[in-house]
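What Swiss-Prot records for this protein:
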type     : residues                           : note
ACT_SITE : K175                               : active site, proton acceptor
ACT_SITE : H294                               : active site, proton acceptor
BINDING  : N123, T173, K177, R295, H327, S379 : substrate binding site
BINDING  : K201, D203, E204                   : Mg(2+) binding site
MOD_RES  : K14                                : N6,N6,N6-trimethyllysine
MOD_RES  : K201                               : N6-carboxylysine
SITE     : K334                               : site 'Transition state stabilizer'
Amino acid sequence: MSPQTETKTSVGFKAGVKDYKLTYYTPYYETKATDILAAFRVTPQPGVPPEEAGAAVAAESSTGTWTTVWTDGLTSLDRYKGRCYHIERVFGEKDQYIAYVAYPLDLFEEGSVTNMFTSIVGNVFGFKALRALRLEDLRIPPAYTKTFKGPPHGIQVERDKLNKYGRPLLGCTIKPKLGLSAKNYGRAVYECLRGGLDFTKDDENVNSQPFMRWRDRFLFCAEAIYKSQAETGEIKGHYLNATAGTCEEMLRRAYFAKELGVPIIMHDYLTGGFTANTSLAHFCRENGLLLHIHRAMHAVIDRQKNHGIHFRVLAKALRLSGGDHIHAGTVVGKLEGEREITLGFVDLLRDNFVEKDRSRGIYFTQDWVSLPGVLPVASGGIHVWHMPALTDIFGDDSVLQFGGGTLGHPWGNAPGAVANRVALEACVQARNEGLDLAQDGNSIIRQASNWSPELAAACEVWKEIQFNFKSVDTLDLNEIK
């Protein structure tokens, strides 16, 4: 008998394939406070029992593989394996189940969103035994959360830096997103900031193209910021997109922005990657820059209800990786966003402690301990008539960002900014006086337009613009109470 055979025999090795559920389905397991918990929406192939499908997810995202291997005997699988500890049927959906999986904390590198996702979703989504798989939610335990630095500054520090309190912040994405020269781009930034906005923004795909190189854009935007600040007496900012082809180039652009003295930069965290995003967040923290995060590419990952990763998971990952703002849908605009689901992950971004609430799609209680919060950004197809609803839905700790809803004003950029600022101030004042924004919103806007010709013109242009499409991502029947 060879030494290798003797070793295999001594550890009880028996070659062959066995059902995952024999090892990885553990319905009597009691989860630990240090476990990372995951809720997967599982659609098994015909003939695959849900217990086997859930166990396969736990195995393939932790220690398991398709066959028994003799090296299993060289470690403690009970210590390191993922466990499918509960399965529930999704009512109203054919052959769909929620499989709950617990992962020991030792499986993950400290402070690495990249490693966390590589482990949990890196390979299992291509598994043939599953027709579809979606990661609905994660419970990040405090023991793991404390290994991350999170947002560079957080909500309160940002308000103190900007000296802006008691209302949502106002922004605008410069349009057209591509094709403007750096000088004309800077002119649009100046007009919007002078009109009353707090921020303007590079769009997600504005990087460094032949028609407008990044350095030229940074310089003209900085000039616009300082000029508008001098004229209005308010602190202004422009989200300078530092996203680049390499981490080194990204940090070089961030350093140039810091040298210009601007307050905020921007990153596309999904296309740029979590490693790059975490590196940039660390740089922003050390150098006093706020970090705006765009979620470009998110719908490729989160749009389908039965496959992918829900945005609430991507939002949690961003809070760990680091960002002071992140786009979060609008509920009322042109982009996907069901109200209760959106409010659920907005709370997960901002609050320190969020209770489990299936009526809002929150599968686990989440304790962020001391990790700073992130401002949700409402952006996409919104205009002045949406202002009461946006103020009511998102509250003060948010950024309301109007692109076409500013630049599409018939009188130009600055009047468009004035219209939005007047509408916001009117809604905040009405709310503070006890009016119901949901019920009285239209009358509040009409009354304010009586003394603001800029708002009156905006109201006339967008009075019939609506986006009446149902959300693809909706609550399950067993979540609706």
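Just so you know, glycine gets a Cβ as well, placed from its N, Cα and C.
Annotated features, which come from Swiss-Prot, shown on the structure.
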residue: N123; record: substrate binding site; Cβ within 10 Å: 12
residue: T173; record: substrate binding site; Cβ within 10 Å: 24
residue: K175; record: active site, proton acceptor; Cβ within 10 Å: 16
residue: K201; record: Mg(2+) binding site; Cβ within 10 Å: 29
residue: D203; record: Mg(2+) binding site; Cβ within 10 Å: 19
residue: E204; record: Mg(2+) binding site; Cβ within 10 Å: 20
residue: H294; record: active site, proton acceptor; Cβ within 10 Å: 28
residue: R295; record: substrate binding site; Cβ within 10 Å: 23
residue: H327; record: substrate binding site; Cβ within 10 Å: 22
residue: S379; record: substrate binding site; Cβ within 10 Å: 24
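Within 10 Å of T173 (substrate binding site), judged by CA to CA distance, lie the following recorded positions from the set K201, D203, H294: K201, D203. Looking only at the recorded positions K201, D203, E204, H294, the one with its C-alpha closest to K177 (substrate binding site) is D203. In terms of Cα spacing, the recorded positions K175, K201, D203, E204, H294 that come within 10 Å of H327 (substrate binding site) are H294.
Within 10 Å of K175 (active site, proton acceptor), counting C-alpha to C-alpha distances, fall none of the recorded positions N123, E204, H294, R295, S379. Distance between Cα atoms for S379 (substrate binding site) and H294 (active site, proton acceptor): 10 Å, as a whole number.
Take the Cα of N123 (substrate binding site) and measure to each of the recorded positions K201, D203, E204, H294: the nearest one is H294. In the three-state DSSP scheme, S379 (substrate binding site) falls into the strand class. Rounded to a whole number, the distance between the Cα atoms of K201 (Mg(2+) binding site) and H294 (active site, proton acceptor) is 10 Å.
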